[in-house]
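Undergrad: Here's the feature list from Swiss-Prot:
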TRANSMEM  12-32  transmembrane segment
DOMAIN    53-157  domain 'FAD-binding FR-type'
BINDING   160-195  FAD binding site
Amino acid sequence: MISSFTSLGSRPLLLSSGIAVTAAAAVYFSTGSRLANEALHNKTFKGFKGPASTWVDLPLVKFEDLSHDTRKFTFKLPNDDDVSGISPLSFLLARPHGTWSLRGIRPYTPVSLPETQGVIEFVIKHVPNGGMSSHMFSLKPNDTVSFTGPIVKYEWKQNKFDSVTLLGAGSGITPLYQLMGSILSNPEDKTKINLFYANKTSDDILLKKELDEFQQKFSDRVKIHYYLSQPKTKDIASTGAKKGFIAKEDIESLAPASNENTHVFVCGPEPFVKAYAGQQGPLFFQGSFGGILKELGYTKSQVFKV
């Protein structure tokens, strides 16, 4: 069975689920200690180490409203000391418990760290007329959802790059936040992070408290730039955001393509991705490269559309 994809250039490479998850856990948690990696793998919930045909039912513990259309959902793993073990830039597939319609299956990115014990968390936006997101927003504590995976979109390796630039919009922050958490929780990973995050108003900024804590705790390595296209009167002063969209000039001055050994990850609505990195391809294909990043001198090999 095929359950995981990992990037090889702009084309996906299919890996058997056991190899993919084991490799992903090793990549993320590599701290020079084989025993530490083995200990983590041994605690990883076995439901996230099986084939794609293996679906596991997890009960909802709680949910928290983050904005008018977005919630953080916390699901319980079977045992209190279980961990997800899911590597950065990976996601799970979810479907309503007891149903098998392919149209009801959706990918969701965990925002909890791989070593978080007992639970796994997701930030999910309610899409109008979206079957799965509507189902998620109808859940009550102790209701269950079926999950399978993980699917690895990009195989992250610690210290492969001196720095990464993250361009996100709206709920596209979730895989970028996942990557930030993975880097910053790994004492061996010294990668610097430059995040450009665009929204309409301050109320739409997801995980702002957590992002600001990253910047405060790792001020020498993390720089965050907020942009609001339709700010309210107090938004700019309260958030320190800039009015408008992520400016080409800001990327050029704060994250120039001339920086050696750097990489860019882009995630957001289709028009956002197209404007900055070119049209995204179907499924796991990267599609054409273009947009503002190409104009700034970045090459296709330096940019990944999450």
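In case you wondered, yes, glycine gets a Cβ from its N, Cα and C as well.
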Undergrad: Does anything in the same chain, at least 6 positions from Thr165 (FAD binding site), have a Cβ under 8 Å from its Cβ, and if so what?
TA: Asn194, Leu195, Phe196, Ile251, Ala255, Thr262, His263, Val264, Phe265
Undergrad: Please list, in sequence order, the residues in the chain of Ser185 (FAD binding site) that are at least six apart in sequence and whose C-beta is under 8 Å away from its C-beta.
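TA: For Ser185 (FAD binding site), the qualifying residues are Leu113, Glu115.
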Undergrad: Determine the mean pLDDT over the domain 'FAD-binding FR-type' (53-157), rounding to the nearest whole number.
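TA: Summing pLDDT over the domain 'FAD-binding FR-type' (53-157) and dividing by its length gives 93.
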Undergrad: Run through the Cβ atoms and count how many others sit within 10 Å of the one on Lys190 (FAD binding site).
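TA: Summing over all protein chains shown, Lys190 (FAD binding site) has 12 other Cβ atoms within 10 Å.
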Undergrad: Around Pro175 (FAD binding site), how many other C-beta atoms are within 10 angstroms of its C-beta?
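TA: Pro175 (FAD binding site): 23 neighbouring Cβ atoms within 10 Å.
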Undergrad: Return the single residue from the binding-site residues list (Lys160, Gly170, Met180, Leu195) that has the minimum number of other CB atoms within 10 Å.
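TA: The binding-site residues Lys160, Gly170, Met180, Leu195 were compared, and Lys160 has the fewest Cβ atoms within 10 Å.
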Undergrad: Which of the three DSSP states, helix, strand or coil, fits Ser185 (FAD binding site)?
TA: coil
Undergrad: For the domain 'FAD-binding FR-type' (53-157), DSSP counts of helix, strand and coil?
TA: 11 helix, 48 strand, 46 coil
